[in-house]
Amino acid sequence: MSTLHPVSAAFAAGSRIDKTTYARDYAESVHDPDSFWRRIGRRLDWIRPYSKVKDCSFEADDLHIRWYADGELNLAANCLDRHLATRGDKTAIIWEGDDPSESRRISYRELHADVCKAANLLTNLGVARGDRVAIYLPMIPETAVAMLACARIGAIHTVVFGGFSPDSLAGRIADSQCKLVITADEGLRGGKKVPLKINVDEALQRPGTNSVETVLVVKRTGGAIAMQAPRDRWWHALMDGQTAEHTPVAMSAEDPLFILYTSGSTGKPKGVLHTTGGYLVYISYTHECVFDLREDDVYWCTADVGWVTGHSYLLYGPLANGATTLMFEGVPNHPDSSRFWQVVDKHKVTLFYTAPTAIRALMREGEAPVKKASRASLRLLGTVGEPINPEAWEWYWRVVGDGRCPIVDTWWQTETGGILITPLPGAIDQKPGSATLPFFGVQPAIVDANGAILDGAAEGNLVITDAWPGMMRTVYGDHQRFIDTYFRTYPGMYFTGDGARRDEDGYYWITGRVDDVINVSGHRLGTAEVESALVAHPKVAEAAVVGCPHDIKGQGIYAYVTLKAGEPPSDALRKELIGWVRKEIGPIATPDHLQWAPGLPKTRSGKIMRRILRKIAENAPEQLGDTSTLADPSVVQNLVDERLVK
Ligand code: WT7
């Protein structure tokens, strides 16, 4: 039984949304979504006001998702220009460097000027509305400027996390046919340099990437890199020559804003495409309600801009709301594990949003590093990315928040654009480990294996039965894959890929992915991606990858590898293969365990039985279940005997 953390009277008193408002507005939002979202849509500045609001169908043969379709707006103008009159001198971005001695405050006026210059710069380089731009940058202010400049001219950005390998970067550039890449000489994280420009040089030698005409390079560390004329240009040199006047391009609400690649259960990562109007309405409204935003808040989301959290809740949501958002270049344990709390005190952070994996890692260091800082400014805490175990939740609440700050456990996905299930801090009592109740306009349901909707307390697969404005519109270049992945399993419903339980109070408890996706430290990885990296090695015949429990990361990566005939297994080869995957995909895909498998458990039709491999990786060989359909049951005993976690 979990402890209930009721909304405190003190928090409820001044909050934006109380219990009564939540009940009333939620009812309106699902009974009359058109009038609800018509009203909420007015929070933005529209160049041409919309007359239409919701126009959506989840039926596979008539799938369409359109919001505010005849409206026109510009996202960057909503994040910048409209704040200038009242908030020109307000800090838009607080930048905290990797090194604690480095930080900067950038006002809305300054950010606006830089974005206008960058918009002119991109235009002068031949980037036009609809062109794709890859952004492979560290957590520096130029990243925000680059993204907003794309939005301002109507170019579609695709941000690639700086931890991805040259191959992963190349795959994304090739799939979206980018015209321009924006990168930095090097990144800096935890005192270590990340060779971004070198990675770009390598990526652009891969097939399919010759759409790239220009590489813009931001100078971050001054490290030695090769500039290749005429392709490579210095950002600062070109920015200097631009004017700070620029008229934002009027975009249709359904024009694409960005593509973000994410892993699925099969094949290559897919390009999740988000559009402009509905997305900005949805993320700005969720950001305001979920974090109970006030004018003088200092908001800090620790996610990297390379993930959707960085798009929606580090940059676009907060800036659309005229908030002060903190961008942190570094890592939680550099120079020591008190860093997060030192930054909280230094910049008087009031709203703090991070991932369960970070909380678990810091929890292991004990309370002292937290207590070294006062944290008196904090008034609300949030988590995202994976289920949070109740122990970590209670520690976050008691130690970090001194028992004073509500916690919002926000469930959502790259595909959903914004938060779908979450407590509203002044309205919804919290239960540690539960994302609680749906946001306005969101209609979750739990279905059984046959797609029947289950009522009351139930456990099954999580679906969403109707559209919300912030959801993805397609898989870039592959609309069929969009339909097949999300709308075929349960016809007429959006399938999340997550399992969930709903308790007697209607609260949702996300139990994790039910497909072949693993969640490592809040980052999604397809087991198929890791497997194809492994079999690309000349000595590997076959590989199967599953998730395994991991104290800090939530899930770790457990790989079973069959070597080609005549290749002897060795510790050196194991190391080599682990390093190989790291190099092929990026450090986040580094296998935690790699077990030699003389044979893999397969059905007579040749399908690998992952259920069995998962149980072995979980060190639960007594739960293997029915193995009678195996082609060769003897392979299992060997894998059980040689398992790496006992
Ligand atoms: C998957 C989506 C949402 C932005 C970051 C991750 C898991 C996410 C929670 C949560 C339990 C969660 C789900 C989801 N997940 N938030 N609060 N509680 N699980 O985005 O990489 O698209 O991953 O992360 O399994 O499907 P993503």
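Cβ atoms here come from the backbone N, Cα and C positions, even for glycine.
The domain 'Acetyl-coenzyme A synthetase N-terminal' annotation in TrEMBL covers 22-79. Note on the domain 'Acetyl-coenzyme A synthetase N-terminal' (22-79): DSSP counts are 27 helix, 11 strand, 20 coil.
Annotation comment: TrEMBL describes 81-473 as domain 'AMP-dependent synthetase/ligase'. The average per-residue pLDDT of the prediction over the domain 'AMP-dependent synthetase/ligase' (81-473) is 98, rounded to a whole number.
The CoA binding site annotation in TrEMBL covers ARG189, GLY190, GLY191, LYS192, THR309, ASN333, SER521, ARG582. Residues near ARG189 (CoA binding site) in space but far in sequence (CB under 8 A, at least 6 apart, same chain), listed by position: ASP98, PRO138, GLU329, GLY330, VAL331, HIS334.
Under the heading ATP binding site, TrEMBL lists GLY385, GLU386, PRO387, ASP409, THR410, TRP411, TRP412, GLN413, THR414, ASP498, ARG513, ARG524. Counted within 10 Å of its Cβ, the other Cβ atoms near PRO387 (ATP binding site) come to 22, all protein chains included.
According to TrEMBL, the domain 'AMP-binding enzyme C-terminal' annotation covers 529-607.
DSSP assigns VAL540 (Mg(2+) binding site) to a strand. Cβ neighbours of VAL540 (Mg(2+) binding site) (same chain, under 8 Å, six or more residues apart in sequence): LEU534, VAL561, THR562, LEU563, LYS564, LEU577. What TrEMBL lists as Mg(2+) binding site is VAL535, HIS537, VAL540.
As annotated by TrEMBL, N6-acetyllysine applies to LYS607. Under the DSSP three-state reduction, LYS607 (N6-acetyllysine) is assigned to coil, being neither helix nor strand.
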Sparsest-packed among the binding-site residues, when each Cβ's other Cβ atoms within 10 Å are tallied, from ASN333, THR410, THR414, SER521: ASN333
Residue among the recorded positions GLY385, HIS537, LYS607 whose Cβ has the most other Cβ atoms within 10 Å: GLY385
Of GLY190, THR309, GLY385, TRP412, THR414, ARG582, binding-site residues neighbouring ligand 1, Cβ under 6 A: THR309, GLY385, TRP412, THR414
Binding-site residues: GLY190, GLY191 - member with fewest neighbouring CB atoms within 10 Å: GLY191
Maximum Cα-Cα separation (Å), residues ARG189, GLY190, GLY191, LYS192, THR309, ASN333, SER521, ARG582 listed as binding CoA: 24
Distant-in-sequence Cβ neighbours of TRP412 (ATP binding site), under 8 Å, six or more positions away: VAL384, GLY418, ILE419, LEU420, ILE421
